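According to TrEMBL, the compositional bias 'Basic and acidic residues' annotation covers 35-57, 87-131, 142-154, 161-194, 286-301. Taken from TrEMBL, the feature compositional bias 'Acidic residues' applies to 195-234. For 304-361, the entry in TrEMBL reads domain 'Hypervirulence associated protein TUDOR'. Marked as region 'Disordered' by TrEMBL: 23-313.
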Amino acid sequence: MIRRVNLAIRLPKKPLTFQFPTRRTFHCPPASKMPPKDKYSDPKLRDEVKEEIHNSDKGGAPGQWSARKAQMMASEYKKRGGGYNTEKSEQDQSQKHLSEWTEEEWQTKEGSGHAKQADGTEKRYLPKKAWEQMSEGEKEETDQKKQAGSKEGKQFVGNTEKAKESRENANQEEKEKYEEKKAREKEQQKKGGEGEEEDAAEQEGDEEYQEDEEGSEEGSEEGSEAEGESEGEEASAGQKRTRGQQNGSKKSQKDNAGKGQSKGSPKKQQNGNKSDKNDTVGSKHQKNEDPAPKGSADRLPKKGQQVHWKAMPGFVDGEVTDILTGEQEVDGKNVKASEKDPRIVLKSNSSGKICVHKPEACYYD
């Protein structure tokens, strides 16, 4: 006996779209952006660094974000061994914005790279090109407005109308230069040439930092007050705000080019304002040689021992105040640690500042 079976064919709820006469066209949704944490090779480390920088008084007031803090976070994350899962070609607008900002030459109206004054107030800090578009009277007007607001404790003090216009013009010029630079790098890569070294801040972007009219300026303090360890250090007038000059990582020092300090190949010397990345370290341009053997979780220092670590000016020395093997509060900040992943609490000999590093970031006998 043969039984009949009714086969129910389930059709899609939405009709298929066909492109006649022979080919079907499928409509695919646009590719979604990579979730923020997926672009970091070590999201936990990145969150840890983010919390430290956010709560610190370097590059801006504690609990407030600035472009300067975004740079510092990117540099510190990479210095502690963090990486990225995205390519520079995949940068979003916020990442490109931070990269453009970093290339600008920021200074006071007198041409100094140091905005903070001895009494704690700040002078107006703008791109060099913005100052060049203003008369002496216009410069003085926006600078006085900034200093008056700073004395009242304001972090953000709006520019005068002329200063706003000058800054917008300077930003547009810098943006065009940045795009030209990226186009040249892309062309070099196609030809198999050497492009510029991958930059942590370009990968990081500024997802926490949303630029206010004064956002870039207010978070860009230079010198000992902002950097903690760099006592007596000031950026030279018209100095580009490159990350290599602001951190103690092994990234190349761009301002050494053309001064006979780079011993790389002729091609490298012609290609950029960057020296051999192994020549110097930090803003003090110290010789890039480990002052002592590098530490590890299996070889921890003792309390009271003198050790070295890398900071923005270069190698810094200080004393071990504690070894953490569990979660603990240090200097008002919550620090996570374990037996397998300990942290070293350090006190700088020069500034007295307290900082926390992994053993691998420290050098001691």
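Backbone N, Cα and C define each Cβ position, glycine as well.
Because TrEMBL annotations are produced automatically, they should be read as predictions rather than curated entries.
In terms of DSSP helix, strand and coil, the domain 'Hypervirulence associated protein TUDOR' (304-361) has 3 helix, 33 strand, 22 coil. Distant neighbours of the compositional bias 'Basic and acidic residues' (142-154): 108-109, 121-124, 126, 134, 160, 162-163; these residues of the same chain sit at least 6 beyond its ends, with a Cβ under 8 Å from one of its Cβ atoms. Each residue of the compositional bias 'Basic and acidic residues' (35-57) gets a DSSP state, and the totals for helix, strand and coil are 17 helix, 1 strand, 5 coil.
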